[in-house]
């Protein structure tokens, strides 16, 4: 078996990055092929995409607006991932946050400096409340959190539409399926980009510090790596799972608060725009590191922004979802393939006694 | 009152059939140790392919067949990634869901709002279908309903628990290393059962647009794939468990229709939440209330773990 492929237990970061870059390029190549086959000029589209994302001021502003919620939902899914839990319900917590913020914004009159923090607090509390039952069930009864968090997304979507069409419906302008315009808004700092963007950046950096440099973060990492060992070492794993999931719910909810108070200014059905689901993709790209959420969210924001351009070219918005799925699929495969390396086995005299199971650097 | 109950039960059987079929497919995949989180996307794909097929050839059986093939094709892609390459099952499942939802919306764009030109008609069983209340619900339905509620689960149950092949299949899901050592083809069993399960998910989507909701629109599947995934846990990974829990959730869905029809003082939005909230309650409550449930309804031991022959 000289020169055969062997699965290595660990992968160097550079090697993984190379495989992933290959995966993204492959996914984009397949997409281009599909576009070309459906009679569109890929070069023209690529040109359009570049000009309307990084190639113009409006494009950059849009990119920052996409980036804001993605940073937070991406971080939300990343922190739970560190303790071995999947929060697939960021979409629902996003809605819960938007609902909590809107409730304050619509019905509590007052100066912006007072109302905005209250909106954020209310939104975060709602997001935490939204994940509370799945978090308790996961931490104390071992109930699969993937399904419970996900199913609540549909409930949150129904609740949002109900509020926007029903009791909170805009009676002034008669806008369809939306609440009235919120009286306060997060101030802008650059074009349409509001303060939510730098705040989200700071939060992600703070989380990076919290998860890698503190005792709490260390307990989370150990709890995620080996629950039994962590418990034996005296780490309250269940309490940590509960805490991390609540934090995650709060982060996703804050994304909803920023979206409704900074970008859209009204609560309406479809507000979350799949940001919760795309947060999962960001977290997968980031591989558990909060610092990596920054470039991962940037890539995702770029894909979403490009999707807007594709929609002007008679492609449905769902094409973006398919492209994202393809990218995710290719990355999952690449992550596994990166483990395989060609090895040259030494002569059989030493082969039987090799301790081949050891982790190699 | 009688008419109401009759109508409710009929709706429950139809709505539950979709969930039962998808859940049965997932039982097959999870019994060999593979979690396929792509059910929602595969159902969506099946739903749109069924409509496109019956628009071309107005034969609902062809539509159902095409939906099954579409699901199986998606399942092969998933199985290639998770069983042969052995990539992360959660990621690949989510990717298949995104891909399925996005693709189905893209290819179904021109068919949005087009009512299905051919659906499965009712075929009442003479005599039985005139029984009060249960007659129309169980014996006055379309033909595939017997396939979903009787034939397929009975076949799956018999194969799984009464044949040597079924023992092999379960062994692969419980302990693939031991199964491999006993000479069982772990990879092949996993690959084909995942594909078959995905085919049933596609069929469930096709059944949805060919009977229950006979028109295509984006977001039509509306979380039914995820409910089916939860039902597998609730069903204790057993074929008839999947069927019965599908029927139970059909009942919950029908209840929300009844509420809307009878003008209960609850907003329809809240009634529509019932199936989702019910699912959550049904997977949390049994484990909390009765601890032995955990052992009885235990998942296959190797569920979600890729099998590498050379890594222990």
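Each Cβ is built from the backbone N, Cα and C atoms, and glycine gets one as well.
Remember, TrEMBL labels are computer predictions, not curated facts.
Copied from TrEMBL, the annotated features are:
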type	residues	note
TRANSMEM	A:17-37	transmembrane segment
TRANSMEM	A:63-85	transmembrane segment
TRANSMEM	A:92-108	transmembrane segment
TRANSMEM	A:114-137	transmembrane segment
TRANSMEM	A:149-169	transmembrane segment
TRANSMEM	A:189-210	transmembrane segment
TRANSMEM	A:241-264	transmembrane segment
TRANSMEM	A:276-303	transmembrane segment
TRANSMEM	A:315-334	transmembrane segment
Can at least 3 Cβ pairs under 8 A be found between the transmembrane segment (A:189-210) and the transmembrane segment (A:149-169), with each pair 6 or more apart in sequence? no
Residues from the same chain, set at least six apart from the ends of the transmembrane segment (A:63-85), whose C-beta lies under 8 A from its own: 53-54, 93-94, 138, 145, 190, 192-194, 196-197, 200-201, 203-204, 207, 211, 217, 220-221, 223-225, 227, 237, 240-241, 244-245, 247-249, 251-252, 254-256, 258-259, 262-263, 275-276, 278-280, 282-283, 286, 288-290, 293-294, 296-298, 300-302, 304-305
With pairs closer than 6 in sequence left out, are the transmembrane segment (A:92-108) and the transmembrane segment (A:149-169) joined by 3 or more CB pairs under 8 Å? yes
Would you mind listing the long-range same-chain contacts of the transmembrane segment (A:276-303), meaning Cβ under 8 Å and 6+ residues beyond its ends? 20, 24, 53-54, 63, 66-67, 69-79, 81-82, 86, 88-94, 153, 201, 204-205, 207-208, 210-212, 252, 255, 320, 323-324, 327-328, 331-332
Highest-contact recorded stretch vs the transmembrane segment (A:114-137), from A:92-108, A:241-264, A:315-334, CB pairs under 8 Å: A:241-264
Intrachain neighbours beyond the transmembrane segment (A:241-264), with Cβ under 8 angstroms and 6 or more residues off its ends: 65, 68-73, 75-77, 79-80, 82-83, 85, 87, 89-91, 93-102, 105, 116, 119-120, 123-124, 126-132, 134-136, 138-140, 145, 182, 184-186, 192, 194-196, 199-200, 203, 220, 223, 271-273, 275-276, 279
Cβ under 8 Å to the transmembrane segment (A:92-108), counting only same-chain residues 6 or more beyond its ends: which ones? 69, 73, 76, 115, 118-120, 122-127, 129-131, 149, 152-157, 159-160, 163, 168, 179-180, 182-184, 248-250, 252-257, 259-261, 267, 271-272, 275-276
